[in-house]
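Step one of this worksheet: look at the structure below.
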Amino acid sequence: MCSPTTENNNNNNDHLVQSSDPNHPANLIPALCAKFWTLGWVTGTGGGASIRSDDLVYLAPSGVQKELMKPDDIYVLSLAAQAQSLDKRQRVYLRSPANYKPSQCTPLFLAAFTKRNAGCCIHTHSHWAVLVTLILETQGAGKDREFMINNIEQIKGFGKGFGKSGNLGYHDTLKIPVIENTAHEEDLTEFLEEAMDKYPDTYAVLVRRHGVYVWGENVHKAKTMCESLDYLFQLAVEMKQLGLPWVTDIEPTVPTRK
């Protein structure tokens, strides 16, 4: 694993994570992760979140108990400086915390920011997400590469795709690609980017036996889509237990107006 470089070691740019604004990324990330911990999404230091503010990217560190995270624990890097780096695997951090290591999720978060112009990316270890990938695994090769569900109201919580206006409708089919897990998280990057290319309209990628990455134009959209996905994953697991299909052919109901 590549070690990070940090600019301006004299003062470590601590001002980048100091703000009284509750909506500042350095304050939002700990608040979000504390909430996600109560949902079981970031148990045992797993998972994480990152927020982009123009050129600056704020990242939760590795190994931190997410419910106890503080603004001082946040890493900050510059997308422009990262783009100019000769070694793309080498991180150029503007600000680094004293007691933690950079998250191996970092290159995956950066993929969401650079390939989808996302403003926020969330990674959870939701057990519902993991269960869905295990259920898909039983479908056999060729049928385990995407999660699909339709005719469920919560699908309306997802946008139609990158650069498109509006949200999916009740009868639309939501498709989430599944990639295989790797021993080291950063090695997922290439597979995540391939899934983004193959599914240009997706806002999420499932990682088999691991969890899910979800991104959005801003924190609000990333968070609400992550919540909607977790709802759908739980619903899908329970539907499977009842023998109910995830994809159905239902004729639209049209009201009769007099």
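Just so it is clear, glycine is given a Cβ too, placed from its N, Cα and C backbone atoms.
Going by what Swiss-Prot states, the Zn(2+) site holds His123, His125, and the candidate of His171, His184, His210 recorded there is His210. Taking the C-alpha positions, the distance from Glu153 (active site, proton donor/acceptor) to His123 (Zn(2+) binding site) comes to 24 Å.
The highest number of surrounding Cβ atoms within 10 Å, among the recorded positions His123, His125, Glu153, His210, is found at His123.
A gap of 8 Å separates the Cα atoms of Cys105 (substrate binding site) and His123 (Zn(2+) binding site).
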